[in-house]
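According to TrEMBL:
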type     : residues  : note
DOMAIN   : A:27-558  : domain 'Cytochrome oxidase subunit I profile'
REGION   : A:1-23    : region 'Disordered'
TRANSMEM : A:92-116  : transmembrane segment
TRANSMEM : A:136-155 : transmembrane segment
TRANSMEM : A:179-203 : transmembrane segment
TRANSMEM : A:215-243 : transmembrane segment
TRANSMEM : A:307-326 : transmembrane segment
TRANSMEM : A:338-360 : transmembrane segment
TRANSMEM : A:372-395 : transmembrane segment
TRANSMEM : A:443-465 : transmembrane segment
TRANSMEM : A:485-506 : transmembrane segment
TRANSMEM : A:671-695 : transmembrane segment
TRANSMEM : A:745-763 : transmembrane segment
TRANSMEM : A:826-844 : transmembrane segment
């Protein structure tokens with residue numbers, strides 16, 4: 001077998017080892033990983049805690065958004081009711097959709113990922129525990145602040161997809177829309193932070209020999225999920241930014257009277273918004289695949305087909321966004337393409353459904369456990385939602401039922417069948433992993449039947465309500481349209497679902513007792529690594545993985561892991577650490593030192609939330625103050641990276657010696673930075689799309705670009721920056737001794753200065769042509785590119801200053817150093833972006 | 001209880017309800033989609049039945065059947081081959097139908113411009129050169145058996161124009177004009193609504209489409225284009241209309257009332273509905289609407305004239321009723 005990294009795979013044969021481990025190792029692991037007590041528990045960054053809080057918070061938002069839905073259903077139970085007035089109802093439905101999508105569904109699956117992945121991969125923790133903690137706190141604080149807007153009547157009321165011009169200043173002068181734009185913009189940052197964590201976690205922290213081909217299906221799903229977030233979320237970040245800038249500074253991105261276009265929003269939003277649906281569904285499908293296998297007590301049928309389906313779904317889902325826009329009078333060719341793609345995306349879903357059915361059929365024992373009920377209920381419900389989805393993909397049919405209750409029915413079938421039911425199955429299935437007692441099977445049955453019946457009673461009639469002409473998003477309807485009974489039925493169904501959820505809460509209150517040590521264990525008999533005996537440190541030793549369901553195939557594995565007969569049975573450096581492995585074959589590469597409890601992610605999250613909240617209510621002074629504190633908190637937390645360690649390598653068991661904390665392409669930091677640059681790059685790509693789109697729609701507002709000579713100068717300056725950033729790193733490598741303190745920072749600082757100079761030239765060039773950002777769609781998009789470039793230049797500057805500080809304090813290890821790598825690469829990225837942003841708008845001649 | 005509850009049912013029964021308008025076409029453009037809809041529902045039921053049956057076999061079925069579907073082969077057939085065939089078929093149907101429904105406009109068709117406004121529809125009947133022949137609101141009249149092209153646009157936010165009996169919907173987008181061709185093959189009154197959420201009382205933004213047989217159509221056309229003496233009986237009602245502020249927003253052709261902000265009231269007396277498709281039109285509802293439009297349709301742009309004494313409201317309504 002060939003090796004990916006040069007690691008000799010025959011070494012795996014040494015495990016499980018037979019010599020007894022020295023006394024006291026387990027106690028040391030416990031001491032090192034112990035969680036802080038009392039209030040200090042809030043500084044915990046370990047995934048057992050953060051993941052649990054994260055899941056709990058997402059359930060809280062599920063309940064809150066569900067309560068809003070009940071309010072809406074009461075209002076619609078009969079025609080012309082006055083339970084909720086118009087304004088309140090409009091806020092309720094907007095918040096219901098927004099909270100369910102942004103504060104429940106995406107965070108819930110991300111939370112489950114953070115909670116389960118390290119256990120499934122047998123890692124001690126995810127690679128950036130403080131980043132998860134930051135993502136969680138940002139989500140909690142930002143989400144709660146956002147939700148509270150409804151109590152003061154300031155909740156957004158433009159619908160969860162916030163179409164301008166309804167949401168522009170002219171038609172939504174209040175703060176309501178700003179709460180949405182800044183609140184959601186902020187929460188997206190949290191989602192992206194989580195995605196970075198998950199990508200690097202899945203690719204770099206798998207147990208040795210867990211090749212991609214042996215990875216649990218949920219890990220595959222989370223990998224696809226996270227990559228999709230990284231590609232899709234920048235689009236919504238950009239469009240929320242554009243709309244907020246239009247509202248605050250009057251740059252006319254979406255104003256047709258000045259060469260903007262309302263449909264630009266729809267393209268940007270749905271480029272995110274449709275993948276979003278799969279972003280929610282894919283992880284749930286991963287959970288389904290794992291539970292189906294356990295329920296049927298057999299290996300998943302069609303593992304590779306399933307992986308293929310997940311990846312294909314991810315790809316195709318980026319080509320279907322405009323099927324939300326068929327009624328906007330698209331050219332026939334475009335609607336044909338998007339129709340075809342929408343059909344195609346149902347193929348991978350079909351593959352998964354039949355893989356699950358085939359697995360159930362090939363299974364031996366089937367116990368009707370609660371997870372099994374939810375899994376089967378999900379298959380039926382999701383299939384029905386998928387089929388109405390195929391119907392909606394047919395353009396002429398879509399023209400009829402688009403924006404009616406038929407669509408409301410469709411999307412709830414897909415989301416409840418595809419995400420909520422799998423999640424409830426998962427809550428029952430994985431609770432024993434983190435609770436002293438499992439949840440009640442008897443109550444669980446009731447929970448399922450109430451939710452399942454309620455779901456169909458609520459949403460099945462809505463198909464008909466829609467065909468009978470009831471548009472969605474109506475706060476009331478007229479009597480005499482024969483839809484009264486259908487609506488009343490839906491309301492009764494909604495309360496049935498609520499009864500199921502209430503019973504579930506009762507079950508939780510009675511049986512759920514959080515623990516990290518004395519969990520109820522493998523109640524349902526799963527075969528994957530999360531069912532190994534664990535403590536806060538995760539597994540005692542990290543097993544060599546030889547199949548997809550190691551616990552089924554090697555009955556002694558649990559005991560061997562617990563006895564420390566595998567990798568890293570101890571803590572050789574005396575600190576928190578985990579094993580980093582290679583992305584494809586999971587060959588051991590090095591030992592990563594992991595951070596312990598830290599208050600800084602919490603502080604950074606609170607101040608970031610403060611910053612966004614202050615912007616929303618236009619308290620700019622406080623905003624700046626809070627923003628600076630947020631940046632300082634992040635820097636303070638980063639200060640501890642590149643900790644000098646006494647030893648450069650350590651024995652990880654069976655005489656295998658691995659290096660500690662390396663840099664470069666093998667390191668987890670390198671991967672994370674690259675992922676982050678993809679995010680920033682995607683924001684840039686979408687901004688360029690906005691520019692080109694408006695050029696295509698309103699070429700008449702395009703004016704001539706600045707002279708070409710100046711462009712050459714801007715490009716040349718940015719090329720110089722590339723050289724400087726690279727030079728700084730080379731300088732560091734040439735340094736002898738352990739620390740550099742004589743100047744590599746200066747080159748990076750100089751690079752930043754040149755970056756800023758190039759940007760200044762670029763901006764003044766455009767201003768020189770008489771172009772103003774408020775004048776036209778062209779002005780707005782051109783200066784938007786400049787603004788984005790300004791952002792990366794500002795970040796580069798902060799980084800360069802930070803580098804200087806570290807160098808001054810003698811913390812810049814030679815020859816290589818993660819901090820230096822990150823700073824130099826980011827500055828180089830900024831220079832490349834500067835070149836692209838300078839060139840693109842100059843290539844399109846206006847008159 | 002809202003004033004709507006007691007009155008609306010009188011009018012709406014004729015426009016809405018059973019059978020579902022999507023499945024009750026009144027013209028060729030809707031009919032082809034109705035056929036497609038039934039086929040899609042059949043497909044949906046069929047596939048759901050297959051999946052449920054397969055699940056049943058997988059969970060409870062006899063071992064021999066179970067073994068048959070317990071492998072990758074069933075994934076290949078049920079998850080790949082079967083859907084690929086069905087979807088390809090559907091796609092071809094969908095694309096062909098889309099093409100025939102979006103045939104290029106010839107320029108021969110009768111044209112009506114409808115502008116979505118918060119929260120009503122401005123309707124302008126256009127001449128061959130695009131000139132406005134006459135104006136109306138919240139009601140579109142078309143002849144049976146003749147293709148009509150709607151030029152759709154918006155004065156403020158995005159709305160959507162939908163008469164399910166006649167065709168699918170089309171968005172009304174500020175800064176753009178979208179075209180929708182419809183044709184009625186039977187006379188009748190059909191309900192229409194704004195389908196795109198447009199804020200505030202979006203729920204109460206409707207209109208009526210009326211298809212006339214040939215003769216009736218020319219009568220109707222004559223009633224709209226004939227020169228108006230235009231005023232009805234002069235008197236208190238007319239005075240009030242001019243003096244209380246109504247005329248600032250509403251136009252009544254043949255009078256000095258020339259406001260453009262609100263719906264044209266030249267033919268308000270013959271209109272089927274009030275308040276953009278939400279109230280039947282008679283003396284009582286006219287009085288109610290003028291006096292208290294804000295509690296009937298909260299947030300709409302017309303203030304409640306609750307300061308007017310009852311006899312003034314009566315006089316206003318009486319005069320408006322005469323504007324046929």
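Going from the start of the chain as shown, residues are counted 1 onward.
Cβ coordinates come from backbone N, Cα and C, glycine included.
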Legend entry - Most Cβ pairs under 8 Å with the transmembrane segment (A:826-844), selected from A:92-116, A:179-203, A:215-243, A:372-395, A:671-695: A:671-695
Legend entry - Stretch of maximal Cβ-Cβ contact with the transmembrane segment (A:136-155) [cut-off: under 8 Å; candidates A:92-116, A:179-203, A:443-465, A:485-506, A:671-695]: A:179-203
Legend entry - Chain residues in Cβ proximity to the region 'Disordered' (A:1-23) (below 8 Å; excluding those fewer than six residues from its ends, i.e. six or more beyond): 208-209, 543-544, 556, 560, 563-567, 569-570, 582, 584-585, 587-589, 653-656, 666
Inset, instruction - Could you tell me whether the transmembrane segment (A:745-763) and the transmembrane segment (A:215-243) have 3+ CB pairs under 8 A, leaving out pairs under 6 positions apart? - result: no
Legend entry - DSSP-assigned states of the region 'Disordered' (A:1-23) in counts, ordered helix, strand, coil: 6 helix, 0 strand, 17 coil
Legend entry - Contact call for the transmembrane segment (A:179-203) and the transmembrane segment (A:92-116): at least 3 Cβ pairs under 8 Å, seq gap 6+: yes
Legend entry - Within-chain partners of the transmembrane segment (A:671-695) [C-beta distance under 8 Å, separation at least 6 from its ends]: 127-128, 192, 195-196, 199-200, 203-204, 230-231, 233-235, 237-239, 242, 253, 259-261, 264, 267-268, 271, 702, 777-778, 781-782, 784-785, 788, 792, 821-822, 825-826, 829, 833, 836-837, 840-841, 844
Legend entry - Local confidence of the domain 'Cytochrome oxidase subunit I profile' (A:27-558) - pLDDT mean: 95
